[in-house]
Amino acid sequence: MLNTLGLAAVTIVGALALGVPVAFLLTRTDLPGRKWFSTALIVPYMIPAWTFALAWRIIFKNRKTAGSIGWLEQLGISPPDWLAYGPLPIAIIFILHLTPFVILLVTNAIANIPEELDEAARIFGAKPTIRAWRVYLPLLKPSIISAATLIVAKVIGEFGVTYVLGTPAGFDVLATTLYQSLNTRQTGVAAVISVVMVIIGACSL
């Protein structure tokens with residue numbers, strides 16, 4: 001459970017740290033190609049996360065952990081085990097997959113904030129960082145909380161990524177532990193894990 005919650009926390013921080021600034025750039029600046037960029041950002045979220053995990057494994061896997069070499073080892077580069085499998089690559093894939101979702105939510109929220117508020121703060125001499133913290137952040141809290149909540153639900157329910165990149169390194173989360181418990185017919189353990197997942201999912205509603 002700690003692995004699951006830890007992944008969720010890291011994913012929330014990473015996705016918000018990337019998604020919120022990009023949302024500002026797309027809605028409050030004259031960034032060239034921002035309309036194209038807004039459309040292109042949807043693609044990583046539409047593609048299943050496990051496909052990113054398979055691509056990551058093909059590139060970074062090594063003979064020591066996977067029993068076969070990946071693209072980097074074919075080029076003479078030996079990636080460390082922690083980069084090929086385990087919590088780091090899982091977190092990176094979750095962040096890359098869910099950041100577009102954060103951008104979509106926050107972009108819509110920023111678009112509904114009157115520009116007059118930002119203009120008034122600018123007239124009174126507020127710097128961009130002050131405007132972001134004092135004007136935008138309080139109004140964006142509902143969207144940010146919604147994004148964080150849905151990220152938790154997504155991380156808890158995701159099986160493919162953690163199975164592909166976590167199981168070879170012995171890194172298990174609730175979904176993979178439930179799967180292993182069912183395979184070994186540990187119905188009691190599986191029932192407990194199922195209840196925990198339902199409770200966490202219900203709390204995120």
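Quick reminder: no glycine exception, Cβ is built from N, Cα and C everywhere.
TrEMBL lists 1-205 with the feature domain 'ABC transmembrane type-1'.
The transmembrane segment feature in TrEMBL is assigned to 6-27 (among others).
Counting residues 6+ beyond its ends, the transmembrane segment (39-59) has Cβ neighbours under 8 Å at 22, 66, 70-72, 84-85, 89-90, 92-94, 96-101, 103-104, 158, 160-161, 164-165 in the same chain. What TrEMBL lists as transmembrane segment is 39-59 (among others).
The transmembrane segment annotation in TrEMBL covers 82-106 (among others).
Residues or ranges marked as transmembrane segment in TrEMBL: 144-166 (among others). Panel annotation: around the transmembrane segment (144-166), residues 4, 7-8, 11-12, 15-16, 19-20, 48-50, 52-54, 56-57, 85-87, 89-90, 93-94, 98, 101-102, 105-106, 172-176, 179, 197, 200-201, 204 of the same chain, lying at least six beyond its termini, place a Cβ under 8 Å from a Cβ of the stretch.
For 186-204 (among others), the entry in TrEMBL reads transmembrane segment.
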In the same chain, which residue numbers or ranges, 6 or more beyond the ends of the transmembrane segment (82-106), come under 8 angstroms Cβ to Cβ?
3, 6-7, 10-11, 14-16, 18-20, 22-23, 26, 41-45, 47, 49, 52-53, 56-57, 60-62, 65-66, 70, 140, 143-144, 146-147, 150-151, 154-155, 158, 161-162, 165-166, 168-169, 171
